[in-house]
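These notes are about the structure you will find just below.
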Amino acid sequence: MEISKIGVVGAGQMGNGIAHVAALAGYDVRITDVSQDALDAAMTLINRNLERQVTRETISAEDKSAAMGRIAPTLTLADLGECDLVIEAATERETVKQAIFEDLIPHLQPHTILTTNTSSISITRLASRTDRPEKFMGFHFMNPVPVMQLVELIRGIATDRQTYDACLKVVQRLGKTAASAEDFPAFIVNRILMPMINEAVYTLYEGVGNVESIDQSMKLGANHPMGPLELADFIGLDTCLAIMNVLHDGLADTKYRPCPLLTKYVEAGWLGRKTRRGFYDYRGETPVPTR
Ligand SMILES: CC(=O)CC(=O)SCCNC(=O)CCNC(=O)[C@H](O)C(C)(C)COP(=O)(O)OP(=O)(O)OC[C@H]1O[C@@H](n2cnc3c(N)ncnc32)[C@H](O)[C@@H]1OP(=O)(O)O
Ligand SMILES: NC(=O)C1=CN([C@@H]2O[C@H](COP(=O)(O)OP(=O)(O)OC[C@H]3O[C@@H](n4cnc5c(N)ncnc54)[C@H](OP(=O)(O)O)[C@@H]3O)[C@@H](O)[C@H]2O)C=CC1
C-alpha cells in the first residue's frame, strides 16, 4: 500500500516538526489542532525552520516553497479522512488521545494506518479502543524532529506486518533511521532518558547542585549536547512528568517516582520553553536559572 497523504493531529512542537519533514519528503500533509492560533504558530515555525535550512544550504528555496505548499492546516478533524497515514501528536494524556481517535475514526478510510507519537503510553491499550488495532502502532519521533535521526516504531500486540512495513518505508523516505521497540512503558529512549532527567531534578531538589552546575556537569562531564534540566525544559515539563507517571504506574517500581519538584513546576504552569519558564526563565534575552 502506497502512502501519499499524511495527517498530523496536534500542531505543537512535535506536530509541526512532523509536518515539516513529511512535506519536505514529498508527502501531502494535513495538520489539525484545536485552535487557529496553534495552527498559525505552527505554520510560522515550519516556515522559519525551513528558511534556516535554506540559509544553511541543506535545501533550496524551491524545496522550501514546495514543502510549504504541501501542508494544509485545518481545524476540522474530518479533513484528515483522505489520509493514508495519520500521526497523532497531541498532548501526552491518554484521555485526550482516546477522544481524538473516537472523533477521527468515522472519517477514516478502511486502509488508513493510525499511529501515535506518544512518548510513553501503551500502544496496545490505545489500539484496543480503535476499530483497527491491526493497523495501529507507535510512530515516535525525537525532538527537534527536523534534526534528530531516530524514529522508534512500536507494534501493539495486534499490529500486523504490512502496517509495520508501511511505516518503516515512511521512516526511510523521511531520511531517518527506525529502531524497533517493544510495547512497554516509555519504550526505549524514554525508559532510559527520563529517569536520568528525573534524577537531575532530584539532584536539584536535594541541593546537591543548582540548575547551572547540574547542567554544566552533564554537558562538560558527560558530553551531552544539553544539560538534563535544559533538555527537560526543551521537551516540556508536563510531558516529562506524564512520562514518569506512566513509568511509575506501568512498572510499579518506586525508582520511577516523579520528583516532587518536577510536579511543583508543572503545577505552577512552568512547563519549560513553551511557557517561557521552567528550570530556566526564558523571558529575557538569555535564559536565567530559576534555582
Ligand atoms: C521526549 C521524547 O519522547 C523523546 C525525545 O525527543 S527526547 C529529546 C531528544 N533530543 C535531544 O536529546 C536533543 C539534545 N540537543 C541537541 O541535540 C542539540 O542541542 C540541538 C540539535 C537541539 C541544537 O544543537 P546546537 O548545536 O545547540 O544548535 P545549532 O547549531 O543552532 O543547531 C544544530 C542544527 O539543528 C538545527 N536546529 C536546532 N534547533 C532546531 C529546532 N528547534 N528545529 C529545527 N531545527 C533545529 C539547526 O538548524 C542546525 O541544523 P544544521 O546542522 O543542518 O545546520
Ligand atoms: N516534547 C517532546 O520532546 C516530545 C514529545 N512527544 C510526544 O508528542 C506529543 C505532543 O507533544 P508536544 O508536541 O511536545 O506537545 P505540545 O504541548 O507542544 O503540543 C500538543 C498540541 O496538541 C494540541 N491538542 C491538545 N488536544 C488536542 C486535540 N483534541 N486535538 C488536536 N490537538 C490537540 C495542543 O493544543 P493546546 O495547547 O491548545 O492544548 C498543542 O497544540 C505527546 O504525545 C508527547 O509525549 C514525542 C517525542 C518528543
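For all residues, glycine too, the Cβ spot is worked out from N, Cα and C.
Look at TrEMBL and you will find GLY10, ALA11, GLY12, GLN13, MET14, GLY15, ASP33, GLU92, LYS97, SER119, ASN143, LYS274 tagged as NAD(+) binding site. Long-range Cβ contacts of GLY10 (NAD(+) binding site) within its own chain (separation 6+, distance under 8 Å): THR32, ASP33, GLU88, ALA89, ALA90, THR91, ASN117. Classification of GLY10 (NAD(+) binding site) by DSSP places it in coil, neither helical nor stranded.
As annotated by TrEMBL, domain '3-hydroxyacyl-CoA dehydrogenase NAD binding' applies to 5-183. For the domain '3-hydroxyacyl-CoA dehydrogenase NAD binding' (5-183), the predicted model reports an average pLDDT of 98.
Marked as domain '3-hydroxyacyl-CoA dehydrogenase C-terminal' by TrEMBL: 187-282.
Cβ environment of HIS140 (site 'Important for catalytic activity'): ASN117, THR118, SER119, VAL151, GLU152, LEU153, ILE154, ALA181, PHE187, VAL189 lie under 8 Å away, each six or more residues apart in the same chain. TrEMBL lists HIS140 with the feature site 'Important for catalytic activity'.
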The record names GLY10, ALA11, GLY12, GLN13, MET14, GLY15, ASP33, GLU92, LYS97, SER119, ASN143, LYS274 as the residues that bind NAD(+); what is their largest Cα to Cα distance in Å?
-> 20
Can you list which of these binding-site residues (GLY10, GLY12, MET14, LYS97) have a Cβ closer than 6 Å to ligand 2?
-> GLY10, GLY12, MET14
For the binding-site residues GLY10, GLY12, MET14, ASP33, LYS97, ASN143, which sit with their CB under 6 angstroms from an atom of ligand 1?
-> ASN143
